[in-house]
Amino acid sequence: MALRTLASKKTLSLALGGGARPLAAAAAARGVATTVSLPDLPYDFGALEPAISGEIMRLHHQKHHATYVANYNKALEQLDAAVSKGDASAVVQLQGAIKFNGGGHVNHSIFWKNLKPISEGGGEPPHGKLGWAIDEHFGSFEALVKKMNAEGAALQGSGWVWLALDKEAKKLSVETTPNQDPLVTKGASFVPLLGIDVWEHAYYLQYKNVKPDYLNNIWKVMNWKYAGEVYENVHA
């Protein structure tokens with residue numbers, strides 16, 4: 001997730017999955033805010049064309065994701081100040097900004113890894129353990145794609161559609177989250193394998209209001225190798 005320290009991962013997890021008390025405790029324990037940074041893309045902006053245009057990728061990464069990073073860092077600084085002052089009201093008021101912007105950073109950091117140029121293997125269907133698990137839980141790879149496309153198209157407003165692994169139940173599922181809520185808000189045992197951004201900023205410049213076309217084409221650049229590695233690491 002391109003966080004500056006290992007400690008920040010714990011802090012971010014607490015911030016997104018808990019309420020004011022764990023946030024305050026985390027902030028007090030570390031003394032100062034641990035900020036996050038914008039990760040570099042592992043490919044050029046235009047490398048995912050024609051599925052996703054270079055203009056969309058540039059704006060999505062340089063403007064939208066960068067804004068989540070800046071606003072999250074700002075909220076952390078404000079949180080530290082509020083905790084230092086013992087201002088409980090301010091701590092509570094900051095929860096929304098931390099969840100939204102921290103979630104935006106977490107989700108997009110996963111999203112960039114979920115994508116890969118066709119020339120480098122993007123779009124190749126999953127193999128190995130993840131491929132078998134998809135067949136077991138959804139009937140076929142095609143059935144999974146159809147389900148995720150349907151869930152994403154039906155999501156009202158802005159949000160995400162996920163292929164998730166419930167590590168406690170050892171089961172795959174398709175989940176949706178509104179706005180920038182990360183998958184952890186659905187339950188601590190959920191691990192994101194693939195996430196598709198269905199905010200308009202992810203597709204509108206290219207696909208206008210035809211979200212199903214975007215959902216159909218993004219599979220051409222999906223990085224199933226990454227998803228398979230996450231699955232095997234968690235499911236081992």
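Just so you know, the numbers here start at 1 and follow the chain as drawn.
Cβ from N, Cα, C; glycine included.
Here's what TrEMBL has on this protein:
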- 37-115: domain 'Manganese/iron superoxide dismutase N-terminal' (DOMAIN)
- H60, H108, D197, H201: Mn(2+) binding site (BINDING)
- 126-227: domain 'Manganese/iron superoxide dismutase C-terminal' (DOMAIN)
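Here the binding-site residues are H60, H108, H201; the one with the fewest Cβ atoms within 10 Å of its Cβ is H201. Counting only same-chain residues at least 6 apart in sequence, those with a Cβ under 8 Å from the Cβ of D197 (Mn(2+) binding site) are H60, N107, H108, F111, W160. Mean per-residue pLDDT, taken over the domain 'Manganese/iron superoxide dismutase N-terminal' (37-115), amounts to 97. Across the domain 'Manganese/iron superoxide dismutase C-terminal' (126-227), DSSP classifies residues as 51 helix, 25 strand, 26 coil. In the domain 'Manganese/iron superoxide dismutase N-terminal' (37-115), the DSSP tally of helix, strand and coil residues is 61 helix, 1 strand, 17 coil.
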